[in-house]
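As written in Swiss-Prot, here are the features:
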type	residues	note
BINDING	Tyr18	mesobiliverdin binding site
BINDING	Lys28, Asn35, Asp39, Pro154, Gly156, Cys158	(2R,3E)-phycocyanobilin 1 binding site
BINDING	Cys50, Asp54, Cys61, Gln148	15,16-dihydrobiliverdin binding site
BINDING	Arg77, Cys82, Arg84, Asp85	(2R,3E)-phycocyanobilin 2 binding site
Amino acid sequence: MLDAFSRVVTGADSKAAYVGGADLQALKKFVSEGNKRLDAVNAIVSNASCIVSDAVSGMICENPSLISPSGECYTNRRMAACLRDAEIILRYVSYSLLSGDSSVLEDRCLSGLKETYASLGVPAAGNARAVGIMKATVVAFINNTSNQKKLLTPSGDCSALASEAAGYFDKVTSALA
């Protein structure tokens, strides 16, 4: 995982050049937006258990057969695994949002995710729906339009940051498809 600074330095070093021009301007923007980024990640972390449980509950409400005796969330163990998996996905999305880089999400969470679920017989559609619910909730927190927040959320125009977070969730959904 390379953060924004490491990516710029690595790129400049590979060219045997100084950091400057557009790279320097991009870093200046990254720093100036830093407090919004930190506030957004803090909003996700502070509300993580609610985000995850609401997403899994929403998935089950839309597909009650998941908790029937033959359903994928029927036993406590399976429900706990579902909640755990959603929490892991949300955690890696928050890491990506913090660093401004999706490589940690792709390398440590998404690589082989579809194959793992397929081998366990876990339907991708339900997981994708839970990810979609988490995406909507996180975007609402970042845009300060959620009515369920525990702490203050980022102030000012955070639409670019919300779009970035949505993109990370879209990567997860694509990996499940």
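All residue numbers here begin at 1 and follow the chain in the order shown.
Using N, Cα and C of the backbone, Cβ positions are placed for all residues, glycine too.
Positions of the features from Swiss-Prot, shown on the structure.
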{"residue": "Tyr18", "record": "mesobiliverdin binding site", "DSSP class": "coil"}
{"residue": "Asn35", "record": "(2R,3E)-phycocyanobilin 1 binding site", "DSSP class": "helix"}
{"residue": "Cys50", "record": "15,16-dihydrobiliverdin binding site", "DSSP class": "helix"}
{"residue": "Cys61", "record": "15,16-dihydrobiliverdin binding site", "DSSP class": "helix"}
{"residue": "Arg77", "record": "(2R,3E)-phycocyanobilin 2 binding site", "DSSP class": "helix"}
{"residue": "Cys82", "record": "(2R,3E)-phycocyanobilin 2 binding site", "DSSP class": "helix"}
{"residue": "Cys158", "record": "(2R,3E)-phycocyanobilin 1 binding site", "DSSP class": "coil"}
Cα distance (Å, whole number) from Tyr18 (mesobiliverdin binding site) to Cys61 (15,16-dihydrobiliverdin binding site): 55
Cβ-based neighbourhood (8 Å from the centroid) of the (2R,3E)-phycocyanobilin 2 site, residues Arg77, Cys82, Arg84, Asp85 excluded: Arg78, Met79, Ala80, Ala81, Leu83, Ala86
Those binding-site residues of Tyr18, Asn35, Arg77, Cys82, Arg84, Asp85 having Cα within 10 angstroms of Cys50 (15,16-dihydrobiliverdin binding site): none
All-chain count of other Cβ atoms within 10 Å of Asp54 (15,16-dihydrobiliverdin binding site): 18
Cα proximity to Asp39 ((2R,3E)-phycocyanobilin 1 binding site), best match among binding-site residues Tyr18, Asp54, Arg84, Asp85: Asp54
Length of the line joining the Cα atoms of the residue listed as 'mesobiliverdin binding site' and Asp85 ((2R,3E)-phycocyanobilin 2 binding site), in Å: 42
Cys158 ((2R,3E)-phycocyanobilin 1 binding site) CB neighbourhood, other CB atoms within 10 A: 23
By Cα-Cα distance, the member of binding-site residues Asp54, Arg77, Cys82 nearest Cys158 ((2R,3E)-phycocyanobilin 1 binding site): Asp54
Binding-site residues compared (Tyr18, Asn35, Arg77, Asp85, Gly156) - highest count of Cβ atoms within 10 Å: Asp85
Assigned conformation of Lys28 ((2R,3E)-phycocyanobilin 1 binding site) - DSSP reduced to three states: helix
Arg84 ((2R,3E)-phycocyanobilin 2 binding site): tally of other CB atoms within 10 A of its CB: 11
